[in-house]
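Student: Encoded as structure tokens, here's the structure I'll be asking about.
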Amino acid sequence: MLPGLRRLLQGPASACLLLTLLALPSVTPSCPMLCTCYSSPPTVSCQANNFSSVPLSLPPSTQRLFLQNNLIRSLRPGTFGPNLLTLWLFSNNLSTIHPGTFRHLQALEELDLGDNRHLRSLEPDTFQGLERLQSLHLYRCQLSSLPGNIFRGLVSLQYLYLQENSLLHLQDDLFADLANLSHLFLHGNRLRLLTEHVFRGLGSLDRLLLHGNRLQGVHRAAFHGLSRLTILYLFNNSLASLPGEALADLPALEFLRLNANPWACDCRARPLWAWFQRARVSSSDVTCATPPERQGRDLRALRDSDFQACPPPTPTRPGSRARGNSSSNHLYGVAEAGAPPADPSTLYRDLPAEDSRGRQGGDAPTEDDYWGGYGGEDQRGEQTCPGAACQAPADSRGPALSAGLRTPLLCLLPLALHHL
């Protein structure tokens, strides 16, 4: 052994050297070319690099992977490591997601596949195994339909973004496993009808956005079970009528938007008008389109005398629901020729005259309060690494020197200078 090295290993220097060796990090795969990597939490950002496929050399410890704004066309099984918590793939050219791609990502909490204009269909088991997934983004694709069991097993999901697709129909029980879902965004599609069990299972839903569709009918039981819903948007559709029974199933409703629909303020409007007389909600205008003598009036401001010429209402027991042999037009709030609308009065007789859902000791919340924490998809930008946990210099191309390694290196510096 060299004399200089023997002297270095004697005395206090040996402890300092041992501390240095213990602090050395284990060998890990390098950061993929053109990407930026951070060590805490393990993050790889490869956004906006014109990648046509996912990089092959991703560190297996990666927890957050940002691949947005590339040209990636397909995803295959085995591409992603099992430690992923966040995966952003929005604004690519995705057209195919092979079965099993996400099956082993059991820790994944957020998956963003939005703004992929070539993604026209999904396999039924695309999201199988994602039991911890909390946020799923499928907005602004070209999806025209969804398999009936596409969301099966997503028991932790809280946010589901399906807006601005080409969805024509939603199957009954499509969301049946999503007991924890609080936000469902379906606006900007081509939906024409809401069936009886389309939202069954969504007992925790707080916000439901259905504006900008082509809705012509809503089943009287479509919202049954949505006992926590506070925000409902149905504006900018093709609704001429809406069953009052449907809204009576929403005891927590606070904000309702029905504007920009061709409301028929004839006998068909009576159930909805009766609901407004008892409900305590913040609502948009409900402007009459027909008949001509009521055009431009607000449906909510009509009087009981406006419905005196209507046929006598049919008695309905509180809590009763129509069976399969009932008229489909009646169930969806569309009056048949010569058929009287159902009497809504018994549905509201037990509602309190005053709103008992206001906050104690303060003013009622405004709609802005409810949306204050929500940033639209267009506002997400191209954030490289969200959160303060992974701030690093812009030119960083690898993990920063750990604090545990700095101390022993500093203690070796004087020794090295002494033996030069």
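Cβ atoms here come from the backbone N, Cα and C positions, even for glycine.
According to Swiss-Prot, the disulfide bond annotation covers Cys31-Cys37, Cys35-Cys46, Cys265-Cys288, Cys267-Cys310. Annotation comment: Swiss-Prot describes 261-312 as domain 'LRRCT'. If you look up Swiss-Prot, you'll see Gly398 marked as GPI-anchor amidated glycine, on the strength of sequence analysis. For 286-399, the entry in Swiss-Prot reads region 'Disordered'. According to Swiss-Prot, the repeat 'LRR 2' annotation covers 83-104. Positions annotated as repeat 'LRR 3' by Swiss-Prot: 107-129. Taken from Swiss-Prot, the feature repeat 'LRR 4' applies to 132-153. Feature annotation from Swiss-Prot assigns repeat 'LRR 8' to 228-249. The signal peptide feature in Swiss-Prot is assigned to 1-30.
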Student: Would you count the other CB atoms within 10 A of the CB of Cys288 (disulfide bond), including those on all shown protein chains?
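Tutor: Summing over all protein chains shown, Cys288 (disulfide bond) has 22 other Cβ atoms within 10 Å.
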Student: Would you mind reading off the Cα separation of Cys37 (disulfide bond) from Cys310 (disulfide bond), to the nearest angstrom?
Tutor: 70
Student: Let me know the DSSP-derived helix, strand or coil state of Cys288 (disulfide bond), please.
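Tutor: The three-state answer is strand.
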Student: Using a 10 Å cut-off on Cβ-Cβ distances across all protein chains shown, tell me which of the disulfide-bonded residues (Cys265, Cys267, Cys310) has the largest neighbour count.
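Tutor: The largest 10 Å Cβ neighbour count belongs to Cys265.
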Student: Averaged over the whole of the domain 'LRRCT' (261-312), what is the pLDDT?
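Tutor: Mean pLDDT for the domain 'LRRCT' (261-312): 95.
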Student: For Cys267 (disulfide bond), which of the three DSSP-derived states applies: helix, strand, or coil?
Tutor: helix
Student: Note down the number of other Cβ atoms within 10 Å of the Cβ of Cys37 (disulfide bond), including every protein chain shown.
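Tutor: Taking every protein chain into account, the count is 25.
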Student: Which whole-number value in Å describes the distance between the Cα atoms of Cys35 (disulfide bond) and Cys288 (disulfide bond)?
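Tutor: The separation of the Cα atoms works out to 56 Å.
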Student: So how many other Cβ atoms are close to Cys31 (disulfide bond), meaning within 10 Å of its Cβ?
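Tutor: Here the count is 21.
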Student: Using a 10 Å cut-off on CB atoms, tell me which of the disulfide-bonded residues Cys35, Cys46 is the least crowded.
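Tutor: Minimum Cβ neighbour count within 10 Å, taken over the disulfide-bonded residues Cys35, Cys46, occurs at Cys35.
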Student: Give the helix, strand or coil assignment DSSP yields for Cys310 (disulfide bond).
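Tutor: For Cys310 (disulfide bond) - judged by DSSP and reduced to three states - the answer is coil.
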Student: For the repeat 'LRR 2' (83-104), give the DSSP counts of helix residues, strand residues and coil residues.
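Tutor: The repeat 'LRR 2' (83-104) comes out at 0 helix, 5 strand, 17 coil.
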